[in-house]
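Accompanying notes for the structure given below.
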């Protein structure tokens, strides 16, 4: 009976990652401080995406751009808006193979170089065909950066900062969007009547790719990529320098993380001898992951936000706001508002939890968009100016709820639920879904608004109801776990227990280091804290024994550092 209970309720491991992480302010730890400075570079990739994606939206408001390219409308305007996404779709299938084969850093460099070529072509455009071709080339390069940068970010982050840092990634999209909106506004005010009103914003697109090409050499490669390629020594050096504050490779945190990374990658290799896009559907756990990932990718674009993101000019025309200065000011103000809400939500992700934020976001969007639809109907049917005035604050309220979840967590949640071997490919599928739904929006929205008017908004109201039901039913809470433990959530209880025990046993054996070896100062601090905890506990700790052992390589490496008395 006792053994049966033990199998059903296995004793937790002796150590967890919580025992080893830095507990003070992160900026007081030189390793974490240096790491976060390095992570600014991949964080800027999302800002580039926001700048490039929003630039055409800002250019459409400029009379000089409209005149230079002969006032594009209908299908031509739709092609201008979606050209970047078309380029992204062309490059998307090969980006995960570049990230997994060449490494995250090299893939980021390749994408930045291609983007610089696209910016040069866009700057020199004399026809609409050249402009569209430049947008396609920018999108092609950007998709390499968008695949590699967040992978590098989430796989390098300090364990306790992973949720916040990866949530900040997608939020910085609005930083780029703000730059696009206000640069267009500034050039309109200063260079009105000149082609420089749209050429200067084009030049701004080159800033971050230049920085990435020059500075990416100074940031470390992903330790998970290094382990997967057999460079475990280099991975240990990266973790030691940035996670253990340069202590030594036997620091308990480094041992714990490496043990889990090795074990997770080997479990994935046993399940999938070779990985392809079909691997995303090969197991029940992977199918659950992809169902959620594809769904939230669709929701991120088909919740009504596409109406403002790409066609704010038409939306504001629809409620009687026609002056260029007013449109530019509203557009710029909305981007600043979105950034502030996204940053605030990113700080709440570990406190409130992913699931709670998704539910709150979808509920609020449904209510706000419903009211927005009513004001559109009142203005267009009854020509009530009060309804037009109410539409603007409702747009801001709608985005408040959108930014609570989909701005910070679309990328973060996708990456953390995917295991390493399929992370790049699963992320590519998420990006593919976003591209396809965005392209559909960019072609369909202007035509639908022109033909259906405010009735088109009702379609999105129906979609928001479906989204809320899905989120309540299927979103899984992931906070409070390591990256490997989070990814294992969808594979059943046993893999989760295996990972927890793997890291715990590795740490336990590392604590026994003695004899001719010197135990690190951090190890001593951890053991003292654990001893104090044990003393004050009302229940004595019983030595945990697990039926799941470490891999032979891990045991061999750790046992070499153990004293004879501890064996």
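Note that Cβ sites are derived from N, Cα and C of the backbone, with glycine treated the same way.
Values in this document were obtained by computation on a predicted structure and should not be read as measured data.
Taken from TrEMBL, the feature domain 'Major facilitator superfamily (MFS) profile' covers 38-479.
TrEMBL lists 32-51 (among others) with the feature transmembrane segment.
Using a Cβ-Cβ cut-off under 8 Å and counting only residues 6 or more beyond its ends in the same chain, the transmembrane segment (106-124) has close neighbours at 42, 45, 48, 87, 95, 98-99, 130-131, 133-149, 152, 199, 202-203, 205-206, 208-210, 212-213, 216. Here TrEMBL flags 106-124 (among others) as transmembrane segment.
What TrEMBL lists as transmembrane segment is 130-156 (among others). Using a Cβ-Cβ cut-off under 8 Å and counting only residues 6 or more beyond its ends in the same chain, the transmembrane segment (130-156) has close neighbours at 35, 38-39, 42-43, 45-46, 48-49, 52, 56, 69, 79-80, 83-92, 95-96, 98-99, 104-105, 107-108, 110-119, 121-122, 124, 162, 165-166, 169, 205, 209, 212, 219-225, 238, 242, 411-412, 415-416, 420, 423-424, 427-428, 431, 483.
If you look up TrEMBL, you'll see 168-188 (among others) marked as transmembrane segment.
Annotation source TrEMBL lists transmembrane segment at 292-312 (among others).
According to TrEMBL, the feature transmembrane segment maps to 332-352 (among others).
Away from its own ends, the transmembrane segment (364-383) comes close to residues 303-304, 318-320, 390-391, 394-395, 397-398, 400-402, 404, 453-454, 457-458, 460-461, 464-465, 468 of its chain (Cβ-Cβ under 8 Å, at least six residues beyond either end). According to TrEMBL, the transmembrane segment annotation covers 364-383 (among others).
As annotated by TrEMBL, transmembrane segment applies to 395-415 (among others). If you look at the transmembrane segment (395-415), the same-chain residues 6 or more away from its ends with a CB under 8 A from one of its CBs are 46, 150-151, 154, 163, 166-171, 173-174, 293, 296-297, 299-300, 303-305, 308, 315, 334, 337-338, 341-342, 345-346, 349, 354, 357-358, 360-365, 368-369, 372, 423, 426-427, 430, 478.
Annotation comment: TrEMBL describes 427-448 (among others) as transmembrane segment.
According to TrEMBL, the feature transmembrane segment maps to 454-476 (among others).
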- Message: If you average per-residue pLDDT over the domain 'Major facilitator superfamily (MFS) profile' (38-479), what number do you get?
- Response: 85
